[in-house]
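A quick write-up on the structure given underneath.
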């Protein structure tokens, strides 16, 4: 079995786990927000969140908490298949429109380079390996952002049941600095 087949098989299993967790743990977004508050972040800057799609853990409580701490917020936008994501400024209550894959995105705005990126996960391991939806968007985006902002912090958000012993990795798979679940924070890079 090649790495793409391994990832596809793992994605199917972990999406089911994630779907069950979302139904079984309605308070998980709030407890995840409390866990995220313990992660050392820059004193100020911009945090890229996301709008939960499907059974992804909802980052909105965490984004509210970060905004209350003075961070500016932005959301990802798919500008074209195969290209890195771009980020546009956002605050709760601002208009969103359906973007690629029907995921809500900010209606307009200039590109912003965030200091912290919250990454939705399908799966993860304790060494920072991440399994995403399979489009490679964050694998293209994180290296681009790290080149522009060497102190970028990439934080994966997931339910604890999405953890596996080892995520199959290709050379271009971007690793995370932290993983935050409703149960714990896992520091990968100092």
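Using N, Cα and C of the backbone, Cβ positions are placed for all residues, glycine too.
TrEMBL annotations:
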- 7, 8, 9, 10, 11, 130, 131, 132, 133, 134, 135, 136, 137, 138: ATP binding site (BINDING)
- 51, 56: substrate binding site (BINDING)
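Overall, the recorded ATP-binding residues 7, 8, 9, 10, 11, 130, 131, 132, 133, 134, 135, 136, 137, 138 cover a maximum inter-Cα distance of 20 Å. Take the binding-site residues 7, 11: by the count of other Cβ atoms within 10 Å of each Cβ, the lowest one is 11. Non-local contacts of residue 137 (ATP binding site) by the CB criterion (under 8 A, 6+ apart in sequence, same chain) comprise 76, 78, 84, 85. Across the binding-site residues listed here (51, 131), the residue whose Cβ sits among the most other Cβ atoms within 10 Å is 131. For the pair formed by residue 51 (substrate binding site) and residue 11 (ATP binding site), distance between Cα atoms is given as 20 Å, rounded to the nearest Å. Distance noted between the C-alpha atoms of residue 131 (ATP binding site) and residue 56 (substrate binding site) is 13 Å. The separation of residue 56 (substrate binding site) from residue 135 (ATP binding site), Cα to Cα, is 16 Å.
Separation of the C-alpha atoms of residue 7 (ATP binding site) and residue 56 (substrate binding site): 18 Å, rounded to the nearest whole number.
Separating the Cα atoms of residue 56 (substrate binding site) and residue 11 (ATP binding site) is a whole-number distance of 13 Å.
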